[in-house]
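Here's the structure we're looking at; comments come further down.
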């Protein structure tokens, strides 16, 4: 007798699971960057339009499919049509790739969290050299926060070719991160359902604390003014619209199979329409909220750097021209510089290379995203706060909660189809299947703890999912609307929630969302082709900065395999189903 499917304890638990999965690191470190790049508050216009045209409809579609079919991604799409089994397999492959590298971020968060209890913080100042006669040369060429990230955390190699050895500290942190994930998913919804209350709610508590602290920081208003001043001319920039659509798409976690897996544990009568709207709105509101926090801290950091630069210039001029202390201030610096240049042209010309051009606008214009924002910019700001250890612990604990919440969704996308499978789920207990998946991911993930591991991390982050997910979700929408049939899907929704979807949902599913996905797919494909030789940013210790290098041939081959491994599952799945049916038909005709 087939055992009954496990369920969430209540609808709220399901909503928390979706929020914990969807609200992730991208809300904290990518959305603020996009605001900075594409017109501050003006970016919210294309972002909200894309939320309505793409985000909500596709989220509702995936939740409805999972709840109706009550299967993981492989089983759900196979029930819609046997020829679509490859769509589910492609989702599992992409989720597997994501799990391989994503948990490394949690390992880094653990590393920084453990070091946050030191006084002073280890990234606050440059370490002394071996002779203890000065600071480490590499650190002097860059900054203490960059040195801690690139040298003491990653111990990064100068290029992808110099792979180096596994860094045992990072390997231990990665093992710990996978152990935490395993304990959270050990008993399926019974354990995950409890954990999501923590991973979904605690980041908001930390963000609120940071908001209160951020708004009281000197210079915070400069960052907020920068964010909320709309540059409406950016609305004419196609890349602003493309970036808004991409952010909505990936932030909600569409195409991975995680949302289908979560929805499959719902009661059949659950109101998935209401939950799709709630989750998408909370996700977008969190992005805006996190941006306010980020820009208040960004304004503090920019103001601190600007004032430090001004003070260094003032000190340099006071000493060089033997001026009276207090005669030079930030307000009259420009006038005094012109006066000194006119009065002492030769002396000023000799000193000119050392006089920096300090600009608050330039500091605010420095756009940073990803790990650069999370582990360098934030730690730079934290070290200059009062009681930096407290804010450091809070921040990296928040990153950990966001990362673990996303990992619960990623692993669910892999485990649900496996436990649903009769070949695997019937033979092995859930704990063993979860343990094997976590162990395999952890072992493969050791690649990212090598000296060249960060370069491999960037390869996986940039290429493992982008094109694949767009193709997967495009096939999903076409499958529901034109293979399964929109009218049949309407009846399913009426059976589940007691009403049919209105014209808005049907127009978005059938026309608008697929056209948007096709546009994104063409854009990314064209962008990759026009880029020519793919390049990456490598750390040059002699210069203390990132330099651009071409990917070697074997890295390009890996990129090609990453894209092909998932996308080819869709046509191959359909081909195998066709061959299997053809052979079965031939056997029947032979017997007859």
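Just so it is clear, glycine is given a Cβ too, placed from its N, Cα and C backbone atoms.
Per TrEMBL, the features are as follows:
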type: TRANSMEM; residues: 12-31; note: transmembrane segment
type: BINDING; residues: 22, 23, 27, 251, 283, 402, 406; note: Na(+) binding site
type: TRANSMEM; residues: 43-61; note: transmembrane segment
type: TRANSMEM; residues: 82-102; note: transmembrane segment
type: TRANSMEM; residues: 168-190; note: transmembrane segment
type: TRANSMEM; residues: 202-228; note: transmembrane segment
type: TRANSMEM; residues: 240-265; note: transmembrane segment
type: TRANSMEM; residues: 277-298; note: transmembrane segment
type: TRANSMEM; residues: 393-415; note: transmembrane segment
type: TRANSMEM; residues: 436-457; note: transmembrane segment
type: TRANSMEM; residues: 463-486; note: transmembrane segment
type: TRANSMEM; residues: 507-526; note: transmembrane segment
type: TRANSMEM; residues: 554-579; note: transmembrane segment
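Taking the features listed in TrEMBL, we show where each one sits on the structure.
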{"residue": "22", "record": "Na(+) binding site", "Cβ contacts under 8 Å, 6 or more apart": "251, 252, 253, 279, 280, 283, 409"}
{"residue": "23", "record": "Na(+) binding site", "Cβ contacts under 8 Å, 6 or more apart": "200, 203, 282, 283, 286, 402, 405"}
{"residue": "27", "record": "Na(+) binding site", "Cβ contacts under 8 Å, 6 or more apart": "251, 283, 286, 287, 290, 402"}
{"residue": "406", "record": "Na(+) binding site", "Cβ contacts under 8 Å, 6 or more apart": "20, 21, 24, 25, 102, 253"}
Residues close to Na(+) site centre defined by 22, 23, 27, 251, 283, 402, 406, Cβ within 8 Å: 19, 21, 24, 25, 26, 252, 253, 286, 287, 405
Annotated stretches the transmembrane segment (393-415) and the transmembrane segment (507-526) touching (3 or more Cβ pairs under 8 Å): no
Candidates 43-61, 168-190, 436-457, 463-486; stretch with most C-beta pairs under 8 Å toward the transmembrane segment (277-298): 43-61
The transmembrane segment (240-265) and the transmembrane segment (82-102) contact flag, 3+ Cβ pairs under 8 angstroms: yes
Positions on the same chain near the transmembrane segment (436-457), where near means CB under 8 A and six or more residues out: 96, 99-101, 103-104, 107, 154-157, 159-167, 170-171, 174-175, 178, 181-182, 185, 371, 411, 414-415, 418, 536, 538
Positions whose Cβ lies under 8 angstroms from the transmembrane segment (168-190), at least six residues beyond its ends: 6-8, 13, 103-104, 106-108, 110-111, 153-154, 265, 403-404, 407-408, 411-412, 415, 419, 430-431, 434-435, 438-439, 441-442, 445-446, 448-449, 453
Same-chain residue ranges lying at least 6 outside the transmembrane segment (507-526) that approach it to Cβ under 8 Å: 50, 53-54, 56-58, 61, 242, 245-246, 249, 466-467, 470-471, 473-474, 477-478, 480-481, 486
